[in-house]
Structures are given as structure tokens and as C-alpha cells.
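A.B. asks: According to TrEMBL, the record shows the following:
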- 1-20: compositional bias 'Low complexity' (COMPBIAS)
- 73-88: compositional bias 'Low complexity' (COMPBIAS)
- 106-348: domain 'ABC transporter' (DOMAIN)
- 1-24: region 'Disordered' (REGION)
- 63-93: region 'Disordered' (REGION)
- 453-475: transmembrane segment (TRANSMEM)
- 481-503: transmembrane segment (TRANSMEM)
- 524-554: transmembrane segment (TRANSMEM)
- 560-588: transmembrane segment (TRANSMEM)
- 595-614: transmembrane segment (TRANSMEM)
- 681-701: transmembrane segment (TRANSMEM)
Amino acid sequence: MDEIQSQSDNYRSSSSSTSSPANRVPAFNFFYLRKPGALGQPISFEDSPEWEDTDVDVRVEEGGNSINAATTPVSSSLSKLNSGSLPSPHLPEGAAAARKIDGASVAWKDLTVTIKGKRKYSDNVVKSSNGYALPGTMTVIMGPAKSGKSTLLRAIAGRLPPAAKMYGEIFVNGAKMYMPYGSYGYVDLETTLIDSLTVREYLYYSALLQLPGFFCQKKSVVEEAIHAMSLGDFANKLIGGHCYMKGVPSGERRRVVIARELVMRPHILFIDEPLYHLDSVSALLMMVTLKKLTSTGCTLIFTLNQSSTEVFGLFDRICLLSNGNTLFFGETLTCLQHFSNAGFPCPIMQSPSDHFLRAINTDFDRIIAMCKNWQDDNGEFSSVNMDTAVAICTLEATYKSSADAAAVETMIQRLTEKEGPLLKSKGKAGNATRIAVLTWRSLLIMSREWKYYWLRLILYMLLALCIGTIFSGLGHSLSSVVTRVAAIFVFVSFTLLLSIAGVPAIMKEIKIYVSEESNQHSGALVFLFGQLLSSIAFLFLISISSSLVFYFFIGLRDEFGLLMYFVVNFFMCLLVNEGLMLAVASLWKNIFRSVLTLVTIHVLLMLAAGYFRIRNELPGTVWTYPLSYIAFHTYSIQGLLENEYLGVNFGIGQVRTISGFQALHGAYDISPSSNSKWENLLVLFLMAVGYRILVFVLLHFHARKNVSLRRICECSRDSTS
């Protein structure tokens, strides 16, 4: 500590005369914040670099349903930024004003999060964090990469991964409880949007999945969310665009994700990196929009890596983290004073957030090592000569002994000494409604996704046409039997192999499901039924178009009943294959691994399907049991051959005839029973059901891990109380 103190004193002495705003420039030039929209009017922080403390008055209304926070700003500059003088997002003419929301206070006390290593919970990602968020305010969790800011946000929202374990207490309106469905919204860093829907359609279907009630009532909620996030100009634009029209820009895509959570009118909104992949202008517009959102009463908590000066001026409170340690929590301008008191004043003309992260980001030590031989105009590389380890230790020690830390503890005590109104669940849409919505939405997506659906349909028909023309003109003699068996095998096997082209579309559906399921907008059973009902129409269209082309080109028996069996058999085979692709994609959740796995499985099943070597002659180990019995190619080809040749006789010479079963005996293994083709169809149906059950287990297991984690967190909180 003596060494750290001496280094800190050296830095203070070297920077006091060069970095202090009062010593370097006149007071009227000292500014950090500027009002958005008034670029020519710098906002000063009074006539001296010293700031007064902020008085916060928290009142819990008796019999009310909200906690009101009255904050006296540190200076007139901040009051301008936090007042209604900010530019409002444009609302279309006739649009209703934003509806007021009963906010909720959030407080966390001694919050510690550990991540499970190879042997035990050893790595403390967040260490004894204290803080709070009040209704109608913006609280930002800021820090360098891997500082624990996203983990802290997930811990407060109850979204920690299964490998994490949490200790400490979290209070909502003074009560130790979890936030029920609909009372809060969470926006993750990466969220999958549906590119083939417009912004309004995407939000409308999301509202149908989330909210109970009539459809007409949800349209007004969607319009409110569109206006709240200033998406009116993009409401009727496809999110992903198409061949001759660009999609929604990245900044507006982020707004769409936030608007999806606003559909529920949450009391608390958690956002992980709202400025992710946004330029400076888009970032400022986003933060102004979120600032206006807090004026409705919503409690806003989000993470941020760094921000511009204008964006920094919009924050109400800041929680500064480094390596899981809380270096500061309090008002934004008080944070500047805290750094100045610790010996690290913010230089003139530098963004406060850049200065904070420069002081506490250990990655800058590598830059110092690289640039140690460089010199600036003054003869030294003074802008990066700060030892970050010294800065972090000094800031942490200064904060723990400061009045700011004591004020946070006092505020947490005041917020938790009396329980406020409990947040209530707003109800969910019924499972039947969700299945209908997912089915209709998937059908709409299929009608627009030409790359994954219509192009696949064209490829299926072209493949059927190619196989049909190659095996055309076979006739109906005994010599054509073996060739026709080859044609049916090639048709079934190659079309199933071609189905792997649909893996990207299935992977996108699973990603959308994971995103919606994490916010409890969907469920495994709802997703499976919706996906099944929507895929039935597409698969039946493929089966009937491809079967008609192939059936008549190779000259199969011209009977309507036999043709319909061929179509239904091929349809069931495609349905089984769709279930297999869903299972593999749910297991890997990666396109490359899924495609590689599916190709391997299909090749093995084709080898064991009984064409290259009939079933009763295959080696008993592995190839007969179990491969030949789980190869759905086998049951489909058997059924199609039995449908074509059972009950048919072939003449040998002028006297002798043989049955179709005898003609096929040396080419493929089929059953002589007249009901065997229906038995094969039943096996295909059961396999389709079995694969769906397997997918349900995989998805349900993934969902239960999140539920079990919340129970672990509850036990951890109870053990600390």
C-alpha cells in the first residue's frame, strides 16, 4: 500500500498543475457536457471544478403503487439535461402521448457472482456490489471489457447462465422477490430478428405472443411502442430488406428489439449495451429516446462500454466496475469529483467516460509498454503515463472510505426498510393462441424467404425431373424391375440429402425460439406445434410437386390410389427428415456442425437402406442392428415398392408367371403381406413423432436449466438473509 500511495502521490503532484481545470483554462471554457441539438452552446460546470453534493429524497406513497424519487441536481447544467428541454422523438400527427408507467425501485446489496471453473466456483466476476435504481431514472453500469458489467446486469434481472452462482440480496420496491412476467423487460446483447417481417409486423406478432386479450387491443400497444422508440419512419419497412431495398439500419434494429420489450409496458427495463454497433449520432439519438422513455416512469438499467460527452450527460447514476470491483456508484457528476479527489482529475476536452475507462482499463498498460520510447510535444508521453493498477486500487480505497459509499448504503436501507407495492404479473397469452400465432407467422415467413423455401422447392422439382428423365422409358417388363428399384432409391435418398439445404432456415427458427423463450414469450411445446403445422404445408407442397414429376416420368402404375400413397409416403419421409434436422440443430446450434452431422447420418442410413446389399444379407452388428432399423429410407422405399409391385404378375414365356414379390426378391427385401405398405407408413409416422419428442426434450432441458438457476439464486439469497 505504501508503494501504491507513493505512486499515487507522484501522479497527483505531476497532474495537479497540468490537468486541473481551474489551473489550465479560464472557468468559462471549462465544459464537459453539451446539450444535444445545441452544439454551439457549451455547458459549463459552474465557475470552479468543485461540485456540491446531491440531495435525494425518496418518498413511498401510502396506498400508492410507486416509489417517487425527487433529485436535486448538482448544477443547473445537469438540470437542463435531465429536464424536458431535450429534443423529443418525433411523433406522427394524431399519435397518442406516451402512457405513464408505475415505476419500481431496484436495490442490490452485497451482490457477488461466481463462475464455475473446472472444479469449483472459484472466479468472482462481481464482488460485493451495492447499488440501486429509482423510477424514472437511467442507471448505467460502466466498465472496460470483462469487468463484470453484463454479469451484474444479468444477476439483477435473474438472467445468469447455469455456470454462475449468486450471493447477496436484491430488492424490488423494498421486497425480496422476483419480478413476475410482464413487470420487466430484458434486451440481450445479441437478439435474432426476423428479417422477412416489417417492423410493425414483428412487433404485432410479438404482442400476440406476449399479451392476453383481443387482437384489436394489441394494435394500439404496438403503435405506442413504435412511437416511443421513434420507429415511425421504418414501421412498414422489412427488417432485413430484399433484393432491391435495404433493410433497417443497425441503430433502428436495436430500437426494434427494445420496442419488443416495451409492448408489455414494463416497470423495469434492462438493456445490455444499447449502443452496441452504433455510430456516435445513432448512439446519441438512442440515448435521447431512452431518456424520454424514463420520463414515463420506467426504471432503466443498462450496461455501457463507453460513451461520448453528450451521451454521458444524460445519465442519472453510474456504477463503475473494474475486475468485478465497484470503484464508484452515484451521480454522474459526483463521479468526476470522486476521480478528482482520488488524484485523477479529468483533463480538459476529454470525454468523462473515456477518462474513467482510461484510468481503470489494464489493457492500457500494454500500450504504455509499446509507447514507452515515444515522446509527445512536451517531451513525454504524458497522456498514457498513468499506472492503471495504482489508479484502480486508489479509486477503490477512496470510494470505500468516501461519503458516496455511505450514502449508497443509507439509500439502500431507506429503500428496503419498508416494502412497497408488489409487482403483479400481467398475464400471458394462451398456448392455443401462441401456437396459432407462430403457425401464421411461420407461413408468412415461408412465403417471403425465397432463398430457403421457394428455391428449395425449385431444386426438388429439378432433381425429380433429372432422375425422371434418366430413368424414363423403362416399360413394365420383368427386366425393368431392378432399374425401377434403383430409380426409387435414388429419388428418396437424394431428395432427403437435398433437404439439408434447409438447415440455415431451421437454425434461424431455433435462434428466434431461444430469444423468445428467454423472455417467456414462447415455450418448447408451443414452438414444436407451431413449427410442425407451418412446415406441413411446405413439405406437402414439395412432396406432391416432386412426386408428380417423378411418378409419371418413370412410368409407375397409373392409378389414383397408388399415386396418393406415393405422395403420402414421400411426405411422411420428409416429415421424419425434418424432425431429424430439428434434433441435430437443437443439439449443436451451429450450422457447420449440424450440416456435417446430417451428411454423415444420411450417408450411413443410405448404406444401410437395403439397396447396395439387401437387408437380410447385411452384417448383423451395426449395419443390421441398429442402422437398418432406424434408417427411415428403408421403410419409405419398402412401402413404395410394395405399393407398386404387390398384386402384379410378370409373364415368363407363354405359360409361367411370377408375382411382383418374387420379381423383387433378389433386388430388395419386401414383405408379401398386402398390409405391409401401411405398416411401413405407420413406422414413418411413429418416427416423425419420436424425433419431435426428442426435440422437445432437448429444448425443454435447455429451458429447465434457466429455471433451476433461478431456484439456486433464490436459495443463495435466502442463505444470506
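Here the Cβ of each residue, glycine as well, is placed from N, Cα and C on the backbone.
Predicted automatically and left uncurated, TrEMBL annotations should be read as such.
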A.B. asks: Take the C-beta pairs under 8 A between the transmembrane segment (560-588) and each of 481-503, 524-554, 681-701. Which stretch has the highest count?
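C.D. replies: Comparing 481-503, 524-554, 681-701: 681-701 has the most Cβ pairs near the transmembrane segment (560-588).
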A.B. asks: So, do the transmembrane segment (595-614) and the transmembrane segment (481-503) meet, by the test of 3 or more Cβ pairs under 8 Å (sequence gap 6 or more)?
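C.D. replies: Yes, the stretches contact each other.
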A.B. asks: Output the single range from 481-503, 524-554, 681-701 maximising the number of Cβ pairs under 8 Å to the transmembrane segment (453-475).
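C.D. replies: Against the transmembrane segment (453-475), the leading stretch is 524-554.
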